[in-house]
Structures are given as structure tokens and as C-alpha cells.
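Straight from Swiss-Prot, the features:
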{"type": "TRANSMEM", "residues": "33-53", "note": "transmembrane segment"}
{"type": "TRANSMEM", "residues": "77-98", "note": "transmembrane segment"}
{"type": "BINDING", "residues": "His83, His182", "note": "heme b b562 binding site"}
{"type": "BINDING", "residues": "His97, His196", "note": "heme b b566 binding site"}
{"type": "TRANSMEM", "residues": "113-133", "note": "transmembrane segment"}
{"type": "TRANSMEM", "residues": "178-198", "note": "transmembrane segment"}
{"type": "BINDING", "residues": "His201", "note": "ubiquinone binding site"}
{"type": "TRANSMEM", "residues": "226-246", "note": "transmembrane segment"}
{"type": "TRANSMEM", "residues": "288-308", "note": "transmembrane segment"}
{"type": "TRANSMEM", "residues": "320-340", "note": "transmembrane segment"}
{"type": "TRANSMEM", "residues": "347-367", "note": "transmembrane segment"}
Amino acid sequence: MTIMRKTHPLFKIINHSFIDLPTPSNISSWWNFGSLLGMCLVIQILTGLFLAMHYTSDTATAFSSVAHICRDVNYGWLIRYLHANGASMFFICLFIHVGRGIYYGSYVLTETWNIGIVLFLTTMATAFVGYVLPWGQMSFWGATVITNLLSAIPYIGTTLVXWIWGGFSVDKATLTRFFAFHFILPFIIAAFVLVHLLFLHETGSNNPSGLNSNSDKIPFHPYYTIKDFLGVLLLLMVLMILALFFPDVLGDPDNYTPANPLNTPAHIKPEWYFLFAYAILRSIPNKLGGVLALILSILILAAFPLLNSSKQHGMTYRPITQILYWIFVANLLILTWIGXQPVEYPFTAIGQISSILYFTIIVILMPIASMIENXILKLH
């Protein structure tokens, strides 16, 4: 008798995706972050669902409803902090996942890579609208500043901003629609994740050597299910330590002050995972230029498959590109640090240099390094 998981229409899909999937035998722990992102998404949807049961999306009661969740709802404080810190874990995994893709040349799988960029942008949008919901000072002013950037779009900008706000300022209409967006977007993300996996399983996974691994594949279960489970345990441990011991370490103290349109915080800044893009935005004096740089800072990822001219797959055997890669990572950390600093010398200057370097490494230096490495290969 044939095994049910191989014949049943529904189980067959699960079987081909998570059980009998042929997987390269040498993929390292850097390949764990895809499953960890799936885990993060599940945690966020579940905790978010329970928070939505008690939250009210009205300017008069939003802030106090979050306080009510923390004080009066059974384990509400835990659900709230798991959700807030779960977002941080989500973005840590996301950055590592994208960084792995760049390092090992996974961007040659263009469909998977491009849907990944769409996922990244959708996740950023979800996190942004979610940050507005507690209706604290930083929620309100963050929403005001970031949505206002759309006014830089020529001709239709001002109308567009007023249309997104649902009025002439960030108010009740804005909060209500942001809650609606924040509720629906994770399910859209989940749908995109399935498309992401569909495209990935068309070609199979990449591997650290950058060589074709068709001659050496092993089943996903039990080898990688157990490996992913270890990753999940470690992720949950870090998340629990964050949520239970340091719940506010990644948050902003200003968000414990209810939103007040008449009082601007000293330093308006987004959550830590947006700081690199915020630093790039601020480093350009022109408003429209800043907005374009902000958008390009993410969309530049789509250039990787186009700019790739290397004869080798991934950076494993490419020392020059490796050096550039780690400079790029360090530069990204510098941008993250600058994003949280006040707009004054020397921070502005450092931010401008880092922003230029961010784009230069990807668009100019890495392709040049590839050409040099190709030339070196020909010598031997």
C-alpha cells in the first residue's frame, strides 16, 4: 500500500515541501533563518490576534487599551512584549537571511529573490503601521513624519498625504486604517511566503560551496527538521529572555507618553530596524532626493542579479568581494547607529559618507571586484 503522505492531494504538497524535499547535504546554519522567519511570522500572527481582541483603534482609547492589556488581561503583558520583541527578532532574522543570500549568491535564483524583496517591503510596511497603534508620542510623530515624506512626490504629493491620513492631520481615521492594514498585511505576507517557497522548490536550495549539489541530496526530514528545531529553540530562548528580562530595551521611552499633537519629541526616530534607511533619508538635504534614496536603499537589492558578472557562485572563494561584503555589513551597522543620533556634526557627515559608501559598494565596487577576480581566474 502506498504511503498516504505521497498520494493524498493535500499531504502530497506538504510531503514535497517539508519531508521528502531533496536538500543539499552541506547547507550550514545560515540556512536556518528561513524557517526561523516562518516561526516569527506564526508568533506575530498568534500574539497579534490575541492583542487585537483587547485593543481599540480609537485615538481616545488606543493608549489606555494597551495599558489595559498589560495590567488587566491574563498574561497580556507577556503577549504584548512577545509581539513587540518578536518584531525585533523577525527583523534580525530577516537581515541575516538577506545577508546570507548576498554572501552565497542566492540572488541568482531571481524569482525567489524578487519575491523576497517584496516580502521585505511588505514586512517593513506592516511593522511601520503596527508601531503607530499604541498611540504614544513616537507612534504619532513617527506616523506624521514618515507619511509626510509622500508630499515630496511632485504634483500629487500633498493630495496623496491627505488621502492616506483621511483628513488634514494624523488622527482617528489614520489610526483606524493603520489598524486595518496591520491586521491584513501579515496574511498577505503568509501568502507571499508560499509563493517564495514555490519558486525556491522549483530550483532547489543553494549551498555554501556555490557548486551544483544535485549529485548529493538528502531528505529534508529528519536531517533539517531537527536542525531547524534547534534553531527555533534558540530563537524562542532569546525572545523569552528579551520579553521577560529586557522588554523595553529596544523600544522608545517616548512611547510611554500618550500622543500629543502639540508637543514634539526632541528626537523623532523609528524603531531600530529602520534606522539604517532613516539615516540614508536624513543624509540627503533635498526632500525628494531623500525619499528616493530611502526607497532605493531597499530596491537596490534587485540590482544584485543584474550586476552579477562573477564566474563563481557566491563569495566562498572570492576574497576581494568578501572584504567588500564585510565593509558593507560594518557600514550598515554605522548607518543604524547614525539613524538614532541627533542631526548635528559630526553625525550628519558620518551619515553622508556611510550613505554614499552603501550604494557605492553595491553598484561600483562589487562589480569591479568580480571583474578582477575573473581576470585572476584566467591567469591560472
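Note that Cβ sites are derived from N, Cα and C of the backbone, with glycine treated the same way.
The model shown is predicted, which means the values in this text are computed figures rather than measured ones.
Here the features listed in Swiss-Prot are placed on the structure.
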| residue | record | Cβ neighbours (10 Å) |
| --- | --- | --- |
| His83 | heme b b562 binding site | 21 |
| His97 | heme b b566 binding site | 20 |
| His182 | heme b b562 binding site | 22 |
| His196 | heme b b566 binding site | 21 |
| His201 | ubiquinone binding site | 14 |
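Looking at His201 (ubiquinone binding site) and His83 (heme b b562 binding site), their Cα atoms lie 30 Å from each other. Rounded to a whole number, the C-alpha distance linking His182 (heme b b562 binding site) with His97 (heme b b566 binding site) is 23 angstrom. Sequence-distant neighbours of the transmembrane segment (226-246) (same chain, 6+ residues past either end, Cβ-Cβ under 8 Å): 29, 32-33, 35-36, 39-40, 43, 78, 81-82, 85-86, 88-89, 93. Cα of His83 (heme b b562 binding site) to Cα of His97 (heme b b566 binding site): a distance of 20 Å. The stretch in 33-53, 113-133, 288-308 that contributes the largest number of Cβ pairs under 8 Å to the transmembrane segment (178-198) is 113-133. Among residues of the same chain six or more beyond the transmembrane segment (288-308), those with a C-beta under 8 A of the stretch's C-beta atoms are 98, 102, 105, 107-108, 110, 113-114, 117, 120-121, 124, 149-150, 152-154, 276-278, 280-282, 355, 358-359, 362-363, 366-367, 370. Long-range neighbours of the transmembrane segment (33-53) within the same chain, counting only residues 6 or more positions beyond its ends whose Cβ lies under 8 Å from a Cβ of the stretch, are 69, 79-80, 82-83, 86-87, 89-90, 93-94, 96-97, 100, 182-183, 186-187, 189-190, 193, 228, 231-232, 235, 239.
Counting residues 6+ beyond its ends, the transmembrane segment (113-133) has Cβ neighbours under 8 Å at 55, 57, 62, 66, 87, 90-91, 94, 98, 101, 106-107, 139-140, 142-143, 146, 174-175, 178-179, 181-182, 185-186, 188-189, 192-193, 195-196, 199, 270-271, 273-274, 298-299, 301-302, 304-305 in the same chain. Taken residue by residue with DSSP, His97 (heme b b566 binding site) is part of a helix.
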